[in-house]
Structure formats: structure tokens, C-alpha cells
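Before any comments, here is the structure.
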Amino acid sequence: MSGRMAALRILLQIAFRDLFASRAKTLIVGGIILFGAVLVVVGSSLVDTVDAGMRASIQGSLAGHVQVYDARSKDPLALYGSMMGDPELTPFEDFARVKSAISAVPGVKQVVPMGLGTAMVSPGNLFDQAVAKLRADVRARLAGQGGPELEARTEAHAAHLRRMATLLRDDLRQATEIIEIGGKEAAERARNAEDLARATSPEFWDEELPRDPLAALEFLENRIAPLALEGTLIYIRYVGTDLEQFRRAFDRLEIVEGSLPPPGQRGLLIGKLYAEDYLKLRAARRLDQLQEAITLHHRKIAGDEELTRWVKEAGGQTREILMQLDPMQAAEAARRLRTALGSGEQDLGKLLGQLLAVDDRNFAERYRIFYGELAPMLQLYPFKVGDAVTVQGAARSGYTKSVNLKVWGLVQFKGLEKSGFAGVMSVMDIDSFRELFGWLTPEARAEIRGLKAAAGVKDLSREEAEASLFGSAPAAPPVVTGPVAAAPPGPAAPEQPHPLSREAGEGQGGGAATSPSDPDQGVALNAAVILDDPRHIPQAMRDIVAAGDRAGLHLKAVTWQEAAGMVGQFVTLARLVLYVAVLIIFAVALVIINNAMVMATLQRVTEIGTLRAIGAQRRFVWAMVLVESVSVGVAFGLVGSAIGAGVVWLIRAAGGIPATSDRMYFFFSGPSLLPRLGAGSLAVSLTIVLLVSVVSGLYPALIATRVTPLEAMQSGED
Amino acid sequence: MTRILLALFLLAPLPARALTPDEVKRVVQTVDERQRNAGDWRSLCYMEAKEKDKTDVVYELTVFRRSADQKFMILFDKPRSEQGKGYLRIEKNLWFYDPAVGRWERRTERERIGGTDTRRGDLDESRLAEEYDAKWEGDARLGAYQVHRLLLTVKPGVDVAFPQIRLWVDEATHNVLKRQELALSGKLMRTSLYPRWKKLHSESKKGDVWFPEEMRFYDEIEKANQTLILIKSVDLRPLDPNLFTKAWLEAKSR
């Protein structure tokens, strides 16, 4: 043993002597190893931290520890959607059965029903929205309600519509002056002008509207509203769930504004990021983006193509603002802007143009004026917390379903606030999800079966239809009498009102109460499973599938990462990129070390030959070269790892790496990334370095063992 | 030999004579005219739609029409969950009403009625001559029927569900037996079959009104999707004058 130690000491002495003797070579080889070690330590610390952050965010917001869905589903579960949109999942028709089976698995703490989907809200154009308000006033009057408050409201709504019609009339006049058209389009334009003249006339508002309000409203809706700007369709990605269970299971849920619907109440919580990025008044949104770019990222409008475009887009949105204001509000807004801008301009449109023509010098002031003076008079979002909105869903079984839902608040998931995938997610109560999904109760299914049976229709596929239907001409002409051909002419029988279905009445007004039944009774698309101990995820997944099999269910259990779809794959992708970079660096290192060692070996042929001549075994020579390459690797690898650890510590001490974009915000699971140095990162770094050193030393060592004393003497003679 | 050849020549079917543009126009006008009512219309329909991997959709609905000002309305009667929903066409506006939420929404001509493969035009009066320019493509056989095949292209500025239509019109009766709807690119979107036609006498028209008793629509994009409509009864007596209003449709659900 002591002999071996002595040999090792000699080998090390030779190695370090050689390394010092050829410092340049040692520094080049060592530098590459050092850089690789730093990269492995820093890179893996960063990726590990991102991984841990995203795991916590995704588990704590939507996924839980394990997600379960029906194994017969066409698509894999993707909580944040996939490139192809929402995955098509086979629903759990009776979630209670699923929950009962999963809950029996040891270690399962909670099973939360879920249904992911995309709903639509169609607010119509601004004119449609304003007519709807006046229609509600008229309905209230017709229903016998009255009072000064209703009078004042009706008057304000009518004045707003009249102003909008005036703006549209002015637009049309301007368009007519600019472009001359002929033919059918000219006739159409003339008719529009006539309609707008009527819609802005005192007779219409003072006489026609009070005399026949419904007819006047229909004129506005059918002839004037189509001339206004096109309305937008708002798409809302949501998770339908039992809100109580969801709140208990996911601690990352954060109510930014408003509150959770009270127990037993239906409702919708809109994703905060979605509200900001997609719903906000466009001019305001562009100003916000400019503000963020200028103050946070220190960009300048001048010379920045993107910021210049945003300024132009904000300035092009004055019509949207003008249409929102009734005559009194418009006068007040103009007064405020004149004072704030120090302008003598009377026209509100031009004042808005002045306000939104921002540059680097005036931006801060104009931004303050917009939010301080104008924004309080505007509706910045199509709906606000507390409003009831009509939400539509393209039902899986059946046609589009609609429900009125109260917007109870704005939500975000801590750590995923800025994620374009997760931050836009809204939350909805499970009953509303089931209604939008078009879930048919057993009674509804029976009714449809009955209707089909009564119709007695023969199913014909596309292929057989033509032959079956037109294969032979009818022997006689078609029946020449109709069902009422012989009936005497005269007015039809008076219509009987349709009895309204129970479902129809329930949705009225929004914020309706959920049914008192168990929220687990009914359809769900997937379930989030929370475990007592997240370390047992693989075992729990196996147990859940087995429990499903025993219960005759087809359960598929996936981890949070798999369930997160594209989002979950980002960490894997980041790790892959790191590994590829490391692989390339160490492959280069391997080649360089190998070459350098081969050169060094060839230069030391005399020395090696002499060693062989005085009795050194091939094994000793082999070890000598190998120890040299391993020594340089280990020495520089250790230094590199230490530097890497220092870099990680410095990044932490400096407050982490700040996220400068939404995407980075998401990767960092917050506003900055505070990397943590793990023992794993160091171990991986050293292992890789050692491996590379050994492998790169093998070939030169082999060459060295082939050197004989004779060769040494011959080389000395040269 | 010459005789045989002459006999064969005489017995061989003559190539179809192309219809002149005027004749084509007349065929399309006849198609419209036979279905024109010149008064009010009320029909009870059964509608059934099948889509891949989905539960069948079944409705019973009433269609109301008024020829004088091209008014059109659909009211859903069954099943209970759909009761009271309706479409109302006033001029160029197609409105949809859902009593469950008490809201009206503006829809387009491309709206799939009740989520099926039916469009408003399938249940409305035929206005092909007014909306499209027609061209003769050839004469052919469709099963046991001898038919004219026509290609219709939408006129500029007209809002329709499909910009191109190919028709198979029965030469004997001038009833449409088959119809293909195409996108602007020429891509086939939907095929419709009309195997059974009925007629009844209309007092307002002082003549017969024809209607397809059965319509089958086959989606050519999603091949597994199909819709069937049966017109169960038709009533041509005058309707309530205030019928085609939002207030009337709303009142049906109160």
C-alpha cells in the first residue's frame, strides 16, 4: 500500500513538474476546463432554480401534484393549451365516481374537479352597447317602473346615442367629401345619410322615441348601429372548478381586485394579465406599454421603431374614446384637456389628438393627464368587477350555450403573473362550466331520444345518400295538397306564449346561485390531485390508475410537468440547451487536451524511453500521462466550480437577474431569478471534468506506453 | 355497313345543347318563382345534426317569413333547454336572442343555425336570381332524374353564406335536387340534397308554392358532420303584423 502511495506521489510530482514546465499549454487546457466548470455550476444552478420555481408555481396554481383525466381522450391534457388549442378530452360524466376512487388512494389529500375551456363574450359595438342600455330603460318603463332616477338615466343614454349618431354623421360627410363613389354604393351611402339625418334630428328624439320607443330602438339597432365600428369578440380561457375546493387546494391563487364569489354563488374571476393585455382600452394599453418601456427599460421613443408605432397606434384610438362619452361628459373632458394642455382648441377630437401625440420630452406629463383627467370619465375595460356579462361557450354536446355571470374579481397566480400562457387564465364556478359545456342531464337526453324517435328518420351516410334518394324517379308527381291547402284564408290563431324552461329563467341577471346539489355531481374534464407528501408522486400515479381500473374507470395520471403541456416543456428545453452547450464545450476541451497531451508525449519520448530503460513498467508510463491530464482537469475543475459558486453567490447578493420581458418573468417565476447553488450542480461539474480528463488522457497514455528505450535513443540521435 | 353506321349514329344520344344565358336565367327564376310565396309563411320543422364524437343535436322549430319586406324569423320550440331562442332577420341584420340571458346579438349570414350545418338561407325564400349570376355547366343524370347543372356566382355587394353554388335542377319539374356550396376559392364546403318536394296552394300568390319536405346537408370539410331538416307542416295564412320585431320574440319568452 505504501509502495503504491509512493508511486502516486512520484507520479504527481512528475505531473506537476510537467504542467509547470509547459505553462502555456497548461493554461490553455485548464482555461477551457475552468470555463466549462463555471458554466456547468452556474447554468445548472439557474436551470434548477427555474425548475423549482415553475414547479411550485404550476403545482400551486392549476396542476396540483398529479393531474388525472380520461385515458380515452383524443388529446393529451395541456392545462395551458397547446399549439392546436384546447385539448379534446373525454369528459368524466360522473365526477363523484372518479373522486371516490381517487380519494381512496393512500396519501391523496384532495381531488379538485376541473374543466378547461374557452368562452366568448360578445359585447357588440359601442353603439350596440349604448342601445342595449336604452332598451333596458325602455323595458323598465314598460314594466311600470318610473321615477326621476330612471328618467335621468334614460335621458343620459338617449343623449349619448344622439351624440354617437352625430359623430357617425360627421364621419360620413367627411368620407363623402374625400371619396366620390357611384352606382349601388352611392345609393347605399345616400340612404345611410338619410338614416343618420333622422337619427340626429330633434323630431326623432323628442317625438318618435317617446311615441313608439320600441320601433325607434329597432331603427337605431338595424340602420344606425351597423354603421358604427365593428364590435370585437372577447375570448376568455378559463378553468371551471368548485371555487371552494380550488381555493383550499391552490395557495398561489391571488385576488388582485374584488373577491371570490360567496359560497353557492356563480361567478367569474378574470385573469389580471388578460384584462390588461387584451381587454383594456387600446389607447390606454399603448400608453401603459410606453410607460413601462420608458421608465423600466429606459428606452427612448425617438429612433425606436416599436415605440414610435405604439405612439401612432395610441393616437389612432381617439374615436373609441369619443364614442364613449355622452354630450355632458364630452364637454367636461374637453374643458379638462384644454386646462391641462394649455390649449385653446374647442374640438374634443383634436384635443385628444394633442394629448396622445407624445414624445420623450412630454410623455410623463401626458401620461399623468390621461390617467388623472381623462381616464376617470372612461370605461377602460369592456366590463368591470361587479358587472354581469353574458358568457358563451361552444358546447361539446349541443349548440352554443350562454350564461350570465357576474365578474367577481381579477385574479392571478403567484409566480405566473406575467406568463402569456398562465397569466391569462380566468376561473369560473363549476356549474357555469357545466352549462357552457352543454352537459345533458339524463332527462334532457331522454327528451332528445323521444324527439328523434317521433321523427322516425332514416340515417343516410354521404356515400349512400344520392343512390338511396334519387335512385328511382317517383311514379307519380309529388303530393299536390299541403297541410292547410284547403283551410280558409284568414288570420292565424293567436300565438300562445312558450312556457320558459327552468334553465332559461335561472341565468337572468347574472350572479345567480349555484344549484344546492353537491358540486362533485356532474361532468368534469380533469382533476387536480393534491398529495400529503409530494415526494410520492410516481407511486401515487400508479395507485390512482390501479384504483381507476378497479372502479371500471379509465384514468390516466400525469405529473404537473406533463399536464402543463408546452409550458412544462420549457424547463426541459432550457435544460437541454444547457446540456448541449456543455457537451460542445467539453467535446472541444477533450479534443484540445488530447492533442496537447499527444504533443507533450511525443516531445518527451527520450524521457519516457529512459524511464523504460531504467525499469519503469508500461503501467507506470500509462499512469504518468493519465495522472497529468487528470491533475490539470481536477485542479482547474475545482477552481472553475469555485468561481461558478462565487458567481451564483454574487448574482444572489446583487438581487438576482431581473426579468426584462414577460417571457423571462415567467421563466424566473417572478420579477427576478435568485439562483440557488445546489450540491448537485457541484457534483455534476466535477464528475464531468473528471470524466473528460480521463478520456482525453487515454490516447496519449497509450502512445506513451508504446515508447521503447530504443526509440528514445534513436530520437536522441536525430 | 353504311346503314349500320347510320343507324348507330341516329340511335346515339345527342350531345346536350348548351342552355343560352337567357335560358339559364329563366331556369333560376323558375326555381325561385316556384318557391315564392308573396305572402306570409309559417312552417314547423324538425332539425337533426350529427357531428363526429358529439351527441346528436335535435330541435323542433318554427320558421316565420314575410315576403313583402323579406322578414324572417326562427323560434326554437324543443327541446326545453332551447325553447324561446330565436333568430330574427331585419334588413341586413341577423339577430340572435337567448332568453336565458335576455340578450340580443348581431350575427352574420354565415351563422350556423342552432350550431348545425344549416344557414338562414336554407329556410328562407329562394332568391337565387336576385343574389347570384348563373352559368350553364352541362346536362347530366342524377339517379333516375335528368338534370341541368348550373354554376351560380354571387353578385357584388350581396352578403350570402356561400359565394358560389352549383345546382342540379330537375329538367322536368325545375325543382332543385342537389346543391353544392363552394368557397370563393372553389373549395367544396357543403353538399345538400332535396329528395322530396311538395306544393300547396297560396291565396296571396294565387298559385302554387313549392317547398322541399326533406333537406339533407353534408359537410364536406368535416366529412362526418351532417344535418337533416324535415318541414312537417306549412301554414300560409297571414301572420300577426307585429311578429317580426324584437319585442314579439322577447314576449314569447316572458
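Yeah, the Cβs are placed from backbone N, Cα and C, and that goes for glycine too.
It should be emphasised that the depicted structure is a prediction, and the values quoted were computed from it without experimental measurement.
Residues annotated as compositional bias 'Pro residues' in TrEMBL: A:486-497.
Per TrEMBL, domain 'ABC3 transporter permease C-terminal' is recorded for A:580-709. Each residue of the domain 'ABC3 transporter permease C-terminal' (A:580-709) gets a DSSP state, and the totals for helix, strand and coil are 103 helix, 4 strand, 23 coil.
Taken from TrEMBL, the feature region 'Disordered' covers A:480-519.
Look at TrEMBL and you will find A:27-47 (among others) tagged as transmembrane segment. Note on the transmembrane segment (A:27-47): residues 571, 574-575, 578, 581-582, 585-586, 588-589, 592-593, 596, 632-633, 635-641, 643-645, 647-648, 673, 675-678, 680-682, 684-686, 688-689, 692-693 of its chain, located 6 or more positions outside it, place their CB under 8 angstroms from a CB of the stretch.
Non-local neighbours of the transmembrane segment (A:576-599) in the same chain are 25, 28-29, 32-33, 35-36, 39-40, 43-44, 47, 625, 628-629, 632-633, 688, 692-693, 695-697, 699-701, 703; each lies 6+ residues outside the stretch with a CB under 8 Å from one of its CB atoms. Under the heading transmembrane segment, TrEMBL lists A:576-599 (among others).
Residues annotated as transmembrane segment in TrEMBL: A:620-651 (among others).
Positions annotated as transmembrane segment by TrEMBL: A:682-704 (among others).
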Practice problem: Sort out the residues at least 6 away from either end of the transmembrane segment (A:620-651), same chain, that have Cβ-Cβ distances under 8 Å to it, and list them. | Solution: 7-8, 11-12, 14-16, 18-19, 26, 29-31, 33-42, 45, 593, 597, 600-601, 608, 611-612, 657, 673-677, 681-682, 685-686, 689-690, 692-694, 696-698, 700-702, 704-705, 707
Self-check item: Reported mean pLDDT - the domain 'ABC3 transporter permease C-terminal' (A:580-709)
Solution: 82
